[in-house]
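As structure tokens, the structure follows; a few thoughts come after it.
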Amino acid sequence: MKMKAYAKINIALDAIGKREDNYHLLRMIMQTVDLYDVIDIEKSNDSNISISCNKHYVPTDERNLAYKAAVLFRDEFNIKDGVKINIKKNIPVAAGMAGGSTNAAAVLVIMNKLFNVNASLEVLKEIGLKIGADVPYCIEGGTALCEGIGEIITPLKPFENKILVVLKPNFGVSTKEVYTNLDINKIRKHVNIEGLIQAMENDDLDYVSKNMKNVLENVTLKKHTILKNIKEDMRKSGALGAMMSGSGPTVFAFFDDMLTAQRAFEFLKGKYKYSDVYITRTINSNNL
């Protein structure tokens, strides 16, 4: 059984506090984009969970979130059968686009169908939260306000068909490290989430592009100053606005029209030769 597992961007990311377990309390606007991995799962003749992937640098053992998802799903529903999971990877790794989380989400959804468990999406989200904070959102997809550590999800009016260029530099970032180095007391200006939601409901891409904000830039951009240059180059190439997604290092920019986006894509691909550059669009849902 095969399924597309879509990437996400953060149109807003704010940190407003900390839980006792040191997890940050967040307010985020999440958005699915039309960039995806393909997850293919079949039952195996033994009780093993095996993973294969078209990218050699992706772990195929218990470090992979897809593996963790399969283990948790089997444990939850007392399933003894093994599964073979194939991941066709297109979403960049360690990029702030929930590549691992969306794979885990797809595994839960596929196994739910494959084994005729018929668990509700809410139950799948509860399992997903044990894997990672982004997994519940990846099960739901679309345009959403995510709060708590990301598990409290409020669907928003779809903000679809917006053109964007996405650039993932040739290095990864540790999400854990970024959050460890984030000092909430030093956040001078919090994100106007309500203003952004209103603008998105009004389909005002210009306002959204100029007012989107990610407080994690305070950490990642200090360590990787090249990201400032990428944002500036995107703006100079005609972007309405540019921002880092998640903990980074991926930077994305919204564009008014495909021609300007195409020119920016060519320029960025030429200048940042060892980076992954994509043109994509926002989409309504991940169709999970």
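Any Cβ shown, glycine's included, is placed from N, Cα and C.
Sequence annotations record features per position, and here Swiss-Prot assigns active site to Lys8, Asp134 based on sequence analysis. Taken from Swiss-Prot, the feature ATP binding site applies to Pro92, Val93, Ala94, Ala95, Gly96, Met97, Ala98, Gly99, Gly100, Ser101, Thr102, supported by sequence analysis.
Shown on the structure are the features that Swiss-Prot records.
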residue	record	Cβ contacts under 8 Å, 6 or more apart
Lys8	active site	Met30, Gln31, Thr32, Val33, Met97, Ala98, Thr102, Asp134, Tyr137, Cys138, Gly141, Ser245
Pro92	ATP binding site	Gly99, Lys168, Thr250, Asp276
Ala94	ATP binding site	Gly172, Val173, Ser174
Gly96	ATP binding site	Asn10, Val173, Thr175, Met244, Ser245, Gly246, Ser247, Gly248, Pro249, Thr250
Gly100	ATP binding site	Asn64, Leu65, Ala66, Val93, Gly132
* To do: According to DSSP, folded down to helix, strand and coil, what is Lys8 (active site)?
  => strand
* **Residues within 8 Å of the Pro92, Val93, Ala94, Ala95, Gly96, Met97, Ala98, Gly99, Gly100, Ser101, Thr102 Cβ centre (excluding the ATP site residues themselves)** => Ala7, Ile91, Gly246
* To do: Let me know how many other Cβ atoms fall within 10 Å of the Cβ of Ala98 (ATP binding site).
  => 29
